[in-house]
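**Q** Sharing a structure with you now.
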């Protein structure tokens, strides 16, 4: 339906309606603005949340557990999700809010123009009506005056007392008024005809045209609102595939959580490479009461060895030193702090191996960078030599020399760390070869540790006998005269026990006068080291001989030294 034909007399109402339409459009634009601000704030809060919970340490320091990695993946997906919310806000701002505000300004200008044309047409019609009305009123006045003059003329003309001049004057006045009434009538008729023509044009041409333009403007406003409604929804729909991928990524991250792998990483991260501590030895305080022992004495000699020797010897274990006991028991108390060393010897073997491997990899990467830089500088130098106008080749020599120097330093560091790594792997390999022997039923040897928890044995001095711990360098072979030993050992009264010791390493005792001992075996001390590196000891079975002092851990009995 057309506004021009149906609403020809509703100019004021159409004025109000078009103003309401623009106000409604601007109200919707305001809604979109607040909506996109919600999206912007939401995205900003999401990014701040991700930043708050993202790891602030380097990747090397971060846990590698699948649960942590999955959480970090979820944070990354959430960050991407926040980016999509920002895209929604940008789309709404660009294609909805800004478009609405621009269109609102155009509507206001167009509406003003149409209304001004309508008012001008109305003013012109009003002006025509006033002219017609004035001519009508004038015609009415002139007719009344003409009637008065006619009555006056007729009255004088019938009056016998009236003079001829008075009658003539009244007659002339009557003719004049009649003529003026005719002129007013003609003017009024012309004005009326003109007004009727203008009024027809006004209501059949001008107003319908103006109202039609207003109708088109209002319809375009309605269409624009529908388009922006669609754009508002499309802004959300466009990001749905990406948001779905973000959510799928979160689900994938959740499925990647592997409890068994995390447990393995815990073992890998904290495995020290040490073996569990052995049993504490029995401390026999009755040794001084009975030199030869009794049948009820508890023995620490392995059963197979006692049966081989044919003697049920007494058991007397040395008291562990305080430092050794503390080192074995740090798992149950507070672990002693160790200084950080360049070779990571303050760390347990397994952790030391990993740290050394990590450092070697980092140094190798840095070395590769330096090599690439050297090659690039050499290529640039060749270019400068072939094209001197491009640069001076000698200017690159200091940088090349510095790069080569850095490469040599890195190679030296890599070699040094590889040496330490070989040392650690050698120790771990030797520990992995040791197993309890089924032939002699000896205890599994325990690693010798320093108070800080690091190994102190030297791989360059490993003994090649299977299942044996490498020991320190032995003192000069002790090979005394056999008769000397016979004289000493044939004594009826055995030498008194002045202490006891625990074997730190296996000793074969092949030389005459020496005493074979197994690792961790407990012996009695009957003669101190005289400065030649040998200590005279006695087994619990009664067998006596010399053992290397550096192979044992000695504990002297109180008030027995020198007896």
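Every residue, even glycine, has its Cβ placed from backbone N, Cα and C.
Relevant sequence annotations retrieved from TrEMBL are reproduced here:
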DOMAIN    1-262  domain 'F-BAR'
COILED    136-173  coiled coil
REGION    278-323  region 'Disordered'
COMPBIAS  287-302  compositional bias 'Polar residues'
DOMAIN    346-423  domain 'REM-1'
COILED    353-387  coiled coil
COMPBIAS  419-442  compositional bias 'Basic and acidic residues'
REGION    419-491  region 'Disordered'
DOMAIN    496-557  domain 'SH3'
**Q** Give the nonlocal contacts of the coiled coil (353-387) in its own chain as ranges (CB under 8 Å, at least six residues past its ends).
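**A** Result: 60, 268, 273, 343-344, 347, 393, 396-397, 399-400, 403-404, 406-407, 410-411, 413-414, 417-418, 420-421, 424-425, 428.
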**Q** Provide the three-state DSSP residue tally for the domain 'REM-1' (346-423): helix first, then strand, then coil.
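**A** Split into helix, strand and coil, the domain 'REM-1' (346-423) gives 72 helix, 0 strand, 6 coil.
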**Q** Summarise the domain 'SH3' (496-557) by DSSP state, stating how many residues are helix, strand and coil.
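**A** The counts are 3 helix, 29 strand, 30 coil.
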